[in-house]
C-alpha cells in the first residue's frame, strides 16, 4: 500500500475482479478537506471485514496517497493500532485504555484487591465478632454467608466493572433508573473513608508511642492513671493505688467490675489517647497529636494515589504482603506462650445456642460485606482498570478465599495472646477482651507488655495495622475519585485527576477532625455501626435484582461469556438469581426484628445520636429512590409506563469501552447517531459516509470521496 494503492487492490484478486482497477481521484475530490483536519480510520475487529468495508478503506487510502495525506494517515492508523491493539494477525494485544489507565500487570490488581478486602476488620472486627457471638459457632454462619453471598457478589461486582470499564456510577448505563445504587455506594465509601482513616491515625499514634524503651501503657505510675489501675506487671506494688498490695492470685478478683479494676492500657487509651468525654454531645477539645497523625494518614494516602492506579499498583507490593510477614511472626510468638492453647480453644469451640440468634447471622453477613468490600463500590472501581479479557472469575475466588483465610489466621494470632494474658491473670478468656476497637488498642497492647522486648512487638503490630488500613483506604479514595472523573468524563478532568484526588483527600481530612475530639470515639463507633451495616445489605440486594431481573440474567450471562470466553458457572447463576437475594432479604428482616440500640462499654447512646445513625444509614439507601424519580422525570415518554420502560433500558453507550471488544449485539450499528462513538458502515457505490475525527476530537461524518 505504501508503494501504490493499486498494488494493494491487485493483491486481492476477488476485489479486483469484482470492481476492476482503481481509477485515480481528481484533485476536486479532495478539495473539501478542511485545513488542519486529518483522517482517522477504525481498527478492525477480529472478524473478517466485508468486501464493501475493504473497498471503502482502500479507496480512502488511494485518495489519501494522491492528496499527500498518506504520512498523516499512516501515523494516525499506527497510533490507533497501538491504542486498541486491534490487528487481526497480531498474536497478543495490549488491550489498554490509555486515557483512563490500566493496571501495570495482573498481579497489581490481585494485590490491590487483597489489600482492599483484607483490612483492619480482619484484625479488630472479626476476632471481636467471634468473641461476641460464641467463638467457633460464628464460623458456621460466616462461611455460609461467604459461599452463598460473599463470593458470588464479589464475582458479580468484578465482572460488572471490568465489562464496562467504568466506576460505580458509569456502570449503571446498564440500567439508568438504578444509578442511585452507584451514588449510594459513593455515600457508603465516603462514610467509611472518613472514620477508617481515623482508625489508621490512632494506629500511627500507637506506632510512634512504641518508640520508647518502655511502653507507656505498661505500668500504672503515669500521671493519667487512677487509683483503680492494676497492671499485669504490677505484681509487687500498685502505684497510685490505695488498696492493699495485690498478688497474682488476687488479680482475678480485681477484674470484677464491682471493684472497678482497670488496666494501664485501658486507662492509656481512655484517659490519655482519647481523653474520653462523658457524652457524645460533649466534643471537648481536639486532640492535637491525633489531628497530626490524621494529617499524616491523609498525606500518605494522597501520595500513594497521586498517579492513580499507576502509583498505588506499585505500593501494594509492600502494603499487601508485609502484613502477612508480621502476622506470621506474631503467630509463631503467640502459640509458644503459656496459655495460648486455651485462648485458641475458646476461639474455636462453638457455642451452638447462639447460632439460633438472628444477630449472629446478621453480624456474619455484615462482616462479609464489610471485609470483602461488597457494595462499597471499590470492587467495581478496581476491576474497571482491568483488561477486558482478564479472568475475573479466577481472581474473585482467589481474593475471597485469601480474605477469609486471613480473618481466621488473624483470629489465631489475637486469641493466642488473649489466652496467654488470661492464663497470666488466672481468669477466663472472655474477661480480658474489651469491646469494639479496644480489642486492638487495649487488650492486645496490654498483652504485648508481657513479652520480652515489648516495644519491638508493638511496633510490628501497629505497623501491620497501618498497612492493612492503608490498603483499604487506597481503594476507598480511588472509588470516589474515579466516580467523579468518569461522571464528568472530559479531557480536562482526566488531566486534572491529581487535583481531584487532592480535593477529596482534603475534604476527608476536614470531615475527620471531629472524630479526633474527646467525643470522637463515640462518633466513630456510631458511623461504624450504622453507616456500613444494613445499608450495605440493601444496596447489594437491589444491585442483584436490577442486574438479574431488570437488565436480564441472560443478557448478563452473555456479557460474561463474551468477556471471559465462558458463561458463569451454574452455581453462581443460581446464587445471583435466587439464593443471594433471598438470604440477604431474610437477614435484613431478622436484623431489624432483633435490633438493639448501640452502646459503648456502659455508655448508652442518647436517642438523638441513634437517630443520626439511622439517618446516615438511610442517606445511602435513599439515593436509590430519589435518583429513580429524577431519572423518570427526565426520561422521554408520554405515559409513566413508557417512561419506566425507557429508563430501565441500557443506554446506547453501555458495553465494552474499546471498539475492538464491541462485538455481537454491541457491534456498531448502521444508523448514524451523534451519541455513538465510531461507526463502520457499508460503502455505497456512489456516495458513502465514513467517520472523520477532527482536531477538536469531535466525531463527524464526511463524504468518502474526501
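Backbone N, Cα and C define each Cβ position, glycine as well.
Annotated Na(+) binding site per TrEMBL: 115, 117, 118, 122, 371, 403, 468, in sequence order. Among the features that TrEMBL reports, disulfide bond is placed at 220-229. Taken from TrEMBL, the feature transmembrane segment applies to 107-126, 138-160, 181-208, 288-309, 321-348, 368-385, 397-422, 456-477, 498-524, 530-550, 570-593, 605-630.
Where the transmembrane segment (181-208) meets the stretches 321-348, 368-385, 456-477, 570-593, the count of C-beta pairs under 8 angstroms peaks at 456-477. For residue 403 (Na(+) binding site), the same-chain residues 6+ apart in sequence whose C-beta sits under 8 angstroms from its C-beta are 114, 117, 118, 122, 371, 372.
Counting every protein chain shown, the number of other Cβ atoms lying within 10 Å of the Cβ of residue 118 (Na(+) binding site) is 29. Comparing 321-348, 498-524, 570-593, 605-630 for CB pairs under 8 angstroms to the transmembrane segment (138-160), the maximum falls on 570-593. Within its own chain, the transmembrane segment (498-524) is flanked in space by residues 193-195, 197-199, 201, 274-277, 279-287, 290-291, 294-295, 298, 301-302, 305-308, 437, 477, 480-481, 484-485, 600, 603, 605, 609, which lie at least six positions past its ends and keep a Cβ under 8 Å from the stretch. Only sequence-distant pairs (6 or more apart) were considered; of these, at least three Cβ pairs between the transmembrane segment (107-126) and the transmembrane segment (368-385) are under 8 A, so the stretches are in contact.
Highlighted in sequence order, 114, 116, 119, 121, 406, 407, 471, 472 have their Cβ within 8 Å of the centre of the Cβ atoms of 115, 117, 118, 122, 371, 403, 468, the residues recorded for Na(+), and are not part of that set. Taking pairs at least six residues apart, the transmembrane segment (288-309) and the transmembrane segment (397-422) share fewer than three Cβ pairs below 8 Å and do not count as touching. The Cβ neighbour count for residue 117 (Na(+) binding site), using a 10 Å radius and every protein chain shown, is 29. Between the CA atoms of residue 468 (Na(+) binding site) and residue 220 (disulfide bond) there is a gap of 31 Å. Recorded stretches compared: 397-422, 456-477, 530-550, 605-630; the one with the most Cβ pairs under 8 Å to the transmembrane segment (368-385) is 530-550.
When each of the listed stretches 321-348, 397-422, 530-550, 605-630 is scored by C-beta pairs under 8 angstroms to the transmembrane segment (456-477), 321-348 comes out highest. Here the transmembrane segment (530-550) does not touch the transmembrane segment (397-422). Their Cβ atoms form fewer than 3 pairs under 8 Å, with each pair 6 or more residues apart. Same-chain residues lying 6 or more positions outside the transmembrane segment (397-422) and placing a CB less than 8 Å from one of its CB atoms are 110, 113-114, 117-118, 122-123, 126-127, 130, 139, 142-143, 146, 150-151, 154-155, 232, 324, 327, 330-331, 334-335, 337-347, 371-372, 428-429, 431-433, 439, 443-444, 446-448, 450.
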